[in-house]
Amino acid sequence: MALDTAATALPSGLKPDQPYPEWLNSADNAWELTSATMVGLQSVPGLIILYGSMVKKKWAVNSAFMALYAFAAVLICWVLWGHRMSFGTDMRGILGKPNEAMTQKYLLSQYKEYFLPNADYVFYQFAFAAITVILLAGSLLGRMNFYAWMLFVPLWLTLSYTVGAHTIWGSGILESRGIIDFSGGYVIHLSSGVAGFTAAYWVGPRLSHDRQHFPPNNIIHMLGGAGFLWMGWSGFNGGSPLSAGVITSLAVLNTHLCTATSVLVWLSMDMIYYKKSSVIGAVQGMITGLVCITPAAGIVDTWAAMLMGALSGSIPWYTMMILHKKSAFFQKVDDTLGVFHTHAVAGALGGLLSGIFAKPNLLREFYGSGNDGSVNYGPGFLYGLIEGKKLKGFQQLLYQLAGAVFITVWNAVVTSLICILLSRIVTLRMDEDDLEIGDDAVHGEEAYALWGDGERHPPPLRFNMTPKIPSFCRRH
């Protein structure tokens with residue numbers, strides 16, 4: 001017996017103590033912190049690089065700065081009140097009780113039944129909240145007053161994002177019904193797409209010639225930013241199970257399968273319709289694939305992920321490249337980077353397809369089950385037909401539809417109210433002179449030096465220079 005005890009005794013460095021309580025799983029903790037950091041890198045520097053290079057040269061600094069400011073501002077708001085409003089004590093099904101998330105007692109205690117501290121979850125969810133606001137900014141690049149943006153960010157986070165996060169993830173009314181949103185197809189992408197499109201309506205359009213001719217200033221850097229997004233999505237979807245388990249592995253693989261399929265389909269559509277392959281189009285297809293798989297990453301089979309990729313590479317392509325150009329409604333609103341199509345359309349598509357392809361055993365693995373083995377989620381409509389549970393499958397599809405409608409309406413209404421309020425305080429759109437000049441007028445800085453080492457004008461004439469004879473005066 002003594003031998004058995006000695007054999008199973010842990011080394012002193014591995015025994016539970018204050019920094020390593022018994023409930024803490026170091027592998028889960030390390031993976032969650034890594035995932036949160038990967039999501040943060042999608043924003044800083046990912047979207048900073050993407051936005052700064054995807055816009056016209058005169059808006060490079062302003063576009064990148066909007067992303068950087070939002071990232072910093074959201075973190076302060078998140079720990080002071082946003083996190084507990086999203087995941088705190090439920091109030092009437094749509095909002096948590098506001099409170100700070102900064103005390104040692106709260107941050108270092110166990111998060112629910114998971115083997116990691118609350119601090120991990122606070123940081124991970126902050127990275128989600130920050131990227132949502134930054135994605136929204138993509139609709140407003142090239143004309144929004146930066147000071148209006150500084151006020152818009154905390155207001156929208158508080159009044160709009162927290163409600164979506166609480167209702168779907170934080171024990172709110174939609175979560176209690178069993179809506180499926182694995183990693184934010186509705187909470188993050190549908191909300192950012194709808195809110196961005198709504199805000200773009202209220203802010204107003206870019207200058208006419210900017211809207212007609214808005215070439216990216218650096219396509220290679222744009223691809224670099226897109227690369228941060230794609231690879232960072234391993235943490236975006238892989239962190240949602242809050243553990244380093246099998247569902248995590250499936251979620252990461254499905255994420256990349258769907259994305260690769262979407263890129264190839266979007267590229268094929270461009271080549272068939274426009275007879276030319278487009279790098280910008282490939283990036284758009286990448287984004288729609290990443291967005292579409294997000295609500296379903298760990299709860300669908302790989303074949304379903306590839307099918308979702310085919311649909312995310314074709315349906316948003318149609319709405320952006322065909323429908324947008326024919327529709328007076330879409331033409332009226334200046335959505336700079338087409339965030340409505342890449343995030344709202346793709347996010348809603350992914351959410352609805354989750355209600356079709358969600359597999360019962362994977363739902364049980366991710367969401368858990370009751371003592372009788374039952375689960376409050378699904379099955380997806382397809383598996384409802386296969387298993388003779390048509391009513392439950394159809395019910396899940398209706399819940400997914402209801403969730404999409406709620407997020408759409410809430411964001412459209414609240415974003416409109418925020419913009420109307422801010423317009424009474426500060427102008428939402430820059431004045432015409434600043435719009436003509438761009439970064440230099442707004443920030444006194446430019447992305448690229450035109451003369452010398454960062455100088456904006458030719459250097460003054462130096463009279464002590466050795467004179468040189470013009471070449472046409474030299475003897476040969």
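The backbone N, Cα and C atoms fix where each Cβ goes, and this holds for glycine too.
Among the features that TrEMBL reports, domain 'Ammonium transporter AmtB-like' is placed at 30-448. Residues annotated as transmembrane segment in TrEMBL: 33-52, 59-81, 121-141, 148-174, 186-204, 216-236, 242-267, 279-297, 303-324, 336-358, 397-422.
Count of Cβ pairs under 8 Å against the transmembrane segment (186-204): among 33-52, 59-81, 242-267, 336-358, the largest is for 336-358.
With a cut-off of 8 Å on Cβ pairs spaced 6 or more residues apart, the transmembrane segment (397-422) and the transmembrane segment (148-174) reach 3 or more such pairs and are scored as touching. In this chain, the transmembrane segment (242-267) touches the transmembrane segment (303-324); three or more CB pairs sit within less than 8 A of each other, excluding pairs fewer than 6 residues apart. Among residues of the same chain six or more beyond the transmembrane segment (148-174), those with a C-beta under 8 A of the stretch's C-beta atoms are 66, 69-70, 73-74, 77-78, 81-82, 85-88, 90, 93-96, 125, 128-129, 132-133, 136-137, 140, 181, 186-187, 191, 195, 199, 203, 399, 402-403, 406-407, 410-411, 414-415, 417-419, 421-422, 425-428. The list of residues near the transmembrane segment (33-52) in space but at least 6 beyond its ends in sequence, with Cβ under 8 angstroms from a Cβ of it, reads 60-61, 63-64, 66-68, 71, 120, 123-124, 126-128, 130-131, 134-135, 137-138, 141, 221-222, 224-226, 228-229, 231-236, 238-239, 337, 447.
The average per-residue pLDDT of the prediction over the domain 'Ammonium transporter AmtB-like' (30-448) is 95, rounded to a whole number.
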